[in-house]
Amino acid sequence: MDKRNESPNTDLILLGLFPGMKHVNVLVSAILLIYSVALTTNSILILLICVDPHLHTPMYFLLSQLALMDMMLISSTVPKMATDFFSGRRNISRVACGTQIFFFLTLGIAESILITLMSYDRYVAICNPLRYALIMSQKVCLQMAAISWVGGTLTSLAHTAYTMHFPICGSREISHFLCEVMAILKLACEDVSAYEKAVVTTTIMVLFIPLSFILSSYALIFLAVLRMNSPEGRNKALATCSSHLTVVILYFGPAMLVYMRPSSYHSPKLDEVLFMLGAILTPMMNPLIYSLRNKEVVCALKNVLGRCLTLN
């Protein structure tokens, strides 16, 4: 298509959740409920980790960073989607679209890095417990958090800038409830096949390689667990590892299905379902998985509630 038809000042149009779907208001209400639960549970988890001394450990520090990322990730999509639905206005400027892509990718990639580092934390705790405090020092934990945030920001910045530089011609309708790289590329005037391959390559780097590292870590962890003589220690190790593995599946599964499929196999409806699973449902599930299956978090919650009742 001719680049001269491209108008940089014209807003893009988000078609929203499943255009033409009956009773979409029920789905939006459910998503808003999920959003409220995600904000509440992640905030409580961060608060517990901050105020309870028993949770001042490397694992819970990294978990607090994951909770913060989850809150920001779901907030980068749901408020805009809900505002569009209730106002009836679905337009979004190119600057706002680029901003949403930047924050969404930053948080998604940062979570990928952080979840990978959390598996290393579990590996050291179980396979090398005597040196755990030395290896996972406060400085190392801060470096891990910084690597996650900086890595996500730099990678996202590069992809956002390159995606948004393509001119858009013809239809400006995005078949999605958020601005997303692959959806924007479908509107580009130029041949983007080379860049789509670059997106798949990046996905392999930020998803497949970390997943391989995680699986390798857990293979070593399970071998160490099998050699444990104490049933109590074995059960505690398996409980913390199973929580983290559940989060890994919830995060990496939808992300790999979205970005590692060829463009010819992309379906707008399937992509929306996968994004709802990864960017909306997972941020709500993560704190529930770690709190409901973790005695230390439940105990910390009881202590805080007990103190509040005593003060009242």
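Placement of Cβ uses the backbone N, Cα and C atoms for every residue, glycine included.
Keep in mind that this is a model prediction, so the values were computed, not measured.
Taken straight from TrEMBL:
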type: TRANSMEM; residues: 26-48; note: transmembrane segment
type: DOMAIN; residues: 41-290; note: domain 'G-protein coupled receptors family 1 profile'
type: TRANSMEM; residues: 60-78; note: transmembrane segment
type: TRANSMEM; residues: 98-120; note: transmembrane segment
type: TRANSMEM; residues: 140-162; note: transmembrane segment
type: TRANSMEM; residues: 204-226; note: transmembrane segment
type: TRANSMEM; residues: 238-261; note: transmembrane segment
type: TRANSMEM; residues: 273-292; note: transmembrane segment
Averaging pLDDT over all residues of the domain 'G-protein coupled receptors family 1 profile' (41-290) gives 86
Kindly say whether the transmembrane segment (98-120) and the transmembrane segment (238-261) touch, using the definition of 3 or more Cβ pairs under 8 Å where each pair is 6 or more positions apart. yes
Establish whether the number of Cβ pairs under 8 Å between the transmembrane segment (273-292) and the transmembrane segment (60-78) reaches at least three, counting only pairs separated by 6 or more residues. yes
Same-chain residues at least 6 beyond the ends of the transmembrane segment (238-261) with a Cβ under 8 Å from one of its Cβ atoms are 59, 66, 108, 111-112, 115, 118-119, 122, 126, 182, 199-200, 203-204, 207-208, 211, 214, 218, 221-222, 225, 271, 274-275, 277-278, 281-282, 285-286, 289-290, 293-294
Same-chain residues at least 6 beyond the ends of the transmembrane segment (140-162) with a Cβ under 8 Å from one of its Cβ atoms are 58, 61-62, 65, 69, 98, 101-103, 105-114, 117, 181, 195, 199, 202, 206
